[in-house]
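Enquirer: Below, the features straight out of Swiss-Prot:
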type	residues	note
ACT_SITE	GLU86	active site
DOMAIN	11-175	domain 'TIR'
DOMAIN	190-443	domain 'NB-ARC'
REPEAT	533-556	repeat 'LRR 1'
REPEAT	578-600	repeat 'LRR 2'
REPEAT	601-623	repeat 'LRR 3'
REPEAT	624-647	repeat 'LRR 4'
REPEAT	649-670	repeat 'LRR 5'
REPEAT	671-693	repeat 'LRR 6'
REPEAT	694-714	repeat 'LRR 7'
REPEAT	715-737	repeat 'LRR 8'
REPEAT	759-782	repeat 'LRR 9'
REPEAT	783-809	repeat 'LRR 10'
Amino acid sequence: MASSSSSPRNWRYNVFTSFHGPDVRIKFLSHLRQQFVYNGITMFDDNGIERSQIIAPALKKAIGESRVAIVLLSKNYASSSWCLDELLEILKCKEYIGQIVMTVFYEVDPSHVRKQTGDFGIAFKETCAHKTEEERSKWSQALTYVGNIAGEDFIHWKDEAKMIEKIARDVSTKINVTPCRDFDDMVGLERHLKEMVSLLDLDKEGVKMVGISGPAGIGKSTIAKALHSRHSSTFQHNCFVDNLWENYKICTGEHGVKLRLHEQFVSKILKQNGLELTHLSVIKDRLQDKKVLIILDDVESLAQLETLADMTWFGPGSRVIVTTENKEILQQHGIGDIYQVGYPSESEALTIFCLSAFKQASPPDGFMDLADEVVRICDKLPLALCVLGSSLLRKSQTDWEDELPRLRNCLDGIESVLKVGFESLNEKDQALFLYITVFFNYECADHVTLMLAKSNLNVRLGLKNLANRYLIHIDHDQKKRVVVHRLLRVMAIQVCTKQKPWKSQILVDAEKIAYVLEEATGNRSIKGVSFDTAEIDELMISPKAFEKMCNLLFLKVYDAGWHTGKRKLDIPEDIKFPRTIRLFHWDAYSGKRLPSSFFAENLVEVNMQDSELQKLWEGTQCLANLKKIDLSRSSCLTELPDLSNATNLEDLYVGSCTALVELPSSIGNLHKLAHIMMYSCESLEVIPSLINLTSLTFLNMNKCSRLRRFPDIPTSIEDVQVTGTTLEELPASLTHCSGLQTIKISGSVNLKIFYTELPVSVSHINISNSGIEWITEDCIKGLHNLHDLCLSGCKRLVSLPELPRSLKILQADDCDSLESLNGHLNTPNAELYFANCFKLDAEARRAIIQQSFVSGWALLPGLEVPPEFGHRARGNSLIIPYSASNRFKVCVVMSLNHHQPFELVPRNLLYRWTVIGDSVSSDEKTFHLSHMFNADSVNSKLQKPHLFIFHSCLPFIFHSCLPFIFDISNIMLEFSSEYKDFDILECGVQILTDETDERNIWGSLVF
């Protein structure tokens, strides 16, 4: 529902007062009126209106023509139905025309107003004695609402005159401030302001400092300016200090400089030019009795804060807001309340961009994909979205398509802003940032620390410094991945590219690298090479290409264009690699093995995906530092080397190594090995016992079609995936794997009966598209932690066993033979998906629908809404009477459009609530349906009409506010497909009251 408060209005009166005459008219109200006259405030005078049982039209008109409504709540206020009707009209105007409502509690406890208790409550009950329940309810809700509006409480004031002066000042502030429109188009701004106002705690008397921190270009200054615009009028003095970086460069101990800055600062706050201060302590004398709002924008050093923001200088109620890219500065200055500005959502980012590029909130026809691509390039950074949007304004689609390649690697208009944080770093932290950006983006913090252990950098401290300056983000999950924003990566690449050749530690320019490798012109200063071969044709590498790079730590050769089938680099067999290398990443390596001169004693990670390797190396290597081997999609690989010395190996990835026949027995004693990925190893027949791998948590053997036997596995295993194999059973030893959480055996066509007892720790089971015919009772119902069970496409499954109460998701779509449920569904929190299960018997259907009333959603075949839904209609809309309950069960019959592609599933269901009464208001919500269908399902299309049942609540504004402001008679619900991929044939609603009603509703359900 949209309020018209954003539209300018011509207000006839400044103030309307609602009061009970005998309580306040003679003394308090007369004094208040005199003060308003003194302050030039126009107040509506109701002396000429005769009071009656019904609020007069003239009074309604006056309320609607007043900018501010003051509700004077006294102990007998509720004894007047006139006053209570006035209150309803005031709240109506607040909601619909943006009227400002203020409260004064005159000799009455605010809690008595809210709860209608005490003498106030007695008066209210007497007034309600002969009224309808509807009238009583509206008045009660209105009093509760207005009682929660913070206002002046008479009991807290010793001097009534000062209280009245304060009220007059507050009214003056509210009516004299013209709303600033500068920030109306700032997407998501209100959310930021709400968080900041909460931190500022503007009602408290003490002095408070609050920080706003975040990366460059995120909108910190915009938020600060909006706060200044909105709240500066409530302070005696205010000051917005920007350009601190340029104008307030401060060095500790420069007394004269600090004194001059104090003079400028105080002059700006007090709006008095040419002020002279004799010493530094004078600033406190000038400001300590003044309530000030000070915003220090873009602070970049602790010295600036110490010089310009001491909390002891300012008067009670003062607030200081500090914006910075360095969170550590705020912490060092003792600022505990810090608002960290996050990136906008995907939809918000698109809106921000569109407002700059198209001057509208969404892309015009034909521009959606282009707009999405630019938003991706900007990685949701607001400054970049605005700058790039403006640069594309009023350009054609062809111009956009021509511009996109350049935009992917340019920083037009934002480079200087992004570089500030980087240039403020010391030399070692700059180097750390470049290493992370080029080689270790999205890697775990511990892995970054390990890889850079021999780089002479203080990595742990450096990571903290980079995170405090928002140059990196460290995820807060267990892995603690280090992430660099896309535009900062572009900046880092530009920095590396512009370095002098003899000083370059990191090579990233493809043409320069090609020359160095062909002519062997490297040098000892080079520590990292990141070579994107997408930018070159073919290259003959010199055998001595790396000979002079004696300090090389990181070598990364890859193809960002994913041209993995094209071998571009001719690698000589006798090439020599430095033994200092810690990262050896070479995609599509064309040699059959690494040269015999290769030494791996310093190697931490080897990553050679899509290679032509037949074997990694010959003989035995010293592998004490090796943590990871990734040879995925190396289709010629026939064997792995002896890994018995790789005692610290944690990750082994050989997925899609289709010629690999067996894994070496040497891996059986690698006690730190945690992850083994060997999916689609089509020739793999033998896996040695893994029982001694006490750290193993993840095992993927998907599509190892020749695998005859499930290997022995350790009790440490957490995730087992063996899809698309010929296995006929799971090992009984799984029972003892007390940490097992996920088991995926989809596509196991030879698996007929699922009877293996699993540990109670299991939370995810996927048996989809298997040959399963029967699931024994005991192997599922005792899994008290089971969250989701996927049986999609199990076409031979006839019956479901009893399921545990813990289940949240049951996917049984495309189970062609499924007829019955063994016992009642006792899954109070489960989403139930039975798409295309056309053989379900009546009892099973009844159980599914009944359970859906308790749990979340249900999808099952059906041609019509069950008659027990109290309100039903053909087509996509229906009208139901308004109810005090705000809980509903909704059923729609949907049918997939026949003209859509066969593999398409329903996507988004839109449904709109519209309340109908003496005013009409609407609200729309979206259900995302596509996730209900298993991606591995053989046939996910709805073959016939289906029932979709879901729980919904009336939007809060309709349920909590409108009923006591307007008379609501009916509610209309409309359903539609956002992408026109399905039709709504029927719809139905059941209003829910309490659990007893729900049981009664479905106790007699018949099909």
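Just so it is clear, glycine is given a Cβ too, placed from its N, Cα and C backbone atoms.
For each listed feature, how buried is it and what is near it?
Expert: Look at GLU86 (active site): DSSP puts it in a helix.
Regional average pLDDT for the domain 'NB-ARC' (190-443) in the model is 88.
Non-local neighbours of the repeat 'LRR 1' (533-556) in the same chain are 435, 438-439, 451, 454-455, 510-511, 514, 516-527, 563, 568-572, 574-578, 580-586, 588; each lies 6+ residues outside the stretch with a CB under 8 Å from one of its CB atoms.
Non-local neighbours of the repeat 'LRR 2' (578-600) in the same chain are 439, 451, 454, 533, 546, 549-559, 564, 566-571, 606-618, 621-623, 625-626, 636; each lies 6+ residues outside the stretch with a CB under 8 Å from one of its CB atoms.
Across the range of the repeat 'LRR 3' (601-623), the DSSP-based residue counts are 0 helix, 3 strand, 20 coil.
Using a Cβ-Cβ cut-off under 8 Å and counting only residues 6 or more beyond its ends in the same chain, the repeat 'LRR 5' (649-670) has close neighbours at 623, 626-643, 676-693, 695, 700.
If one looks beyond the repeat 'LRR 6' (671-693) by at least 6 residues along the same chain, the residues whose Cβ comes under 8 Å of a Cβ in the stretch are 632, 647-665, 699-708, 711-714, 716, 721.
Per-class residue totals from DSSP over the repeat 'LRR 7' (694-714), listed helix then strand then coil: 0 helix, 3 strand, 18 coil.
Panel annotation: around the repeat 'LRR 9' (759-782), residues 723, 734-753, 788-794, 796-804, 811, 822, 934, 936-938 of the same chain, lying at least six beyond its termini, place a Cβ under 8 Å from a Cβ of the stretch.
The list of residues near the repeat 'LRR 10' (783-809) in space but at least 6 beyond its ends in sequence, with Cβ under 8 angstroms from a Cβ of it, reads 746, 758, 760-777, 815-823, 825-831, 833, 933-934, 936-939.
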Enquirer: Sort out the residues at least 6 away from either end of the repeat 'LRR 4' (624-647), same chain, that have Cβ-Cβ distances under 8 Å to it, and list them.
Expert: 447, 450, 564, 582, 592, 600-618, 653-664, 666-667, 669-672, 677
Enquirer: Please report the number of other Cβ atoms within 10 Å of the Cβ of GLU86 (active site).
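Expert: If we count other Cβ atoms within 10 Å of GLU86 (active site), we arrive at 23.
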